[in-house]
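Undergrad: I grabbed these lines from Swiss-Prot:
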- His121, Tyr125: heme binding site (BINDING)
- 134-159: region 'Disordered' (REGION)
- 1-7: topological domain 'Cytoplasmic' (TOPO_DOM)
- 29-159: topological domain 'Periplasmic' (TOPO_DOM)
- 8-28: transmembrane segment (TRANSMEM)
Amino acid sequence: MTRKGRRLVLIGAGLGVLALAAGLILSALNDTIVFFRSPTEVAQQQVAPGARLRLGGLVETGSVVKSGTLTTFKVTDGNATVKVAYSGILPDLFREGQGVVAEGALQPDGSFKADSVLAKHDEKYMPREVADALKKQGRWQEGGPAPGTAAPVQRAPGS
């Protein structure tokens, strides 16, 4: 084999190894590449209880209930809804009808226990498919409801 031929074989083998390494890395990071999953994706993919993930969608109107530091609410994408329980201080932008991303684990009963909650201020953080589905159903609110116009938060008895 000539010197030029050996060089081509060496370069080809190096590129093959790099492609294989990139494929293995992407395969290992598959679940963390997606910023969040919608309630419909969680229902369709049959996510195992205890699996850590990020759940994103809109806070369903009339679903927020506060009891001390525990807040329960429902996240919807218009097709499916997941009940979320969060213990902690909610972000200032959190309100009904507004976009939210909750990070935590799915529970055996199908609810979601969030460790952290991020309020989204616009559609930039929502997948185009979710935004389009909400617009088609007439549930999309550009920028969310104006301050003071959201439905009042329900208080649990005795809180």
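Using N, Cα and C of the backbone, Cβ positions are placed for all residues, glycine too.
Mind running through what each feature is packed against?
TA: In the predicted structure, the topological domain 'Cytoplasmic' (1-7) carries a mean pLDDT of 88.
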Undergrad: Going along the chain, which residues at least six beyond the ends of the topological domain 'Cytoplasmic' (1-7) come within the CB cut-off of under 8 Å?
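TA: Long-range Cβ neighbours of the topological domain 'Cytoplasmic' (1-7): none found.
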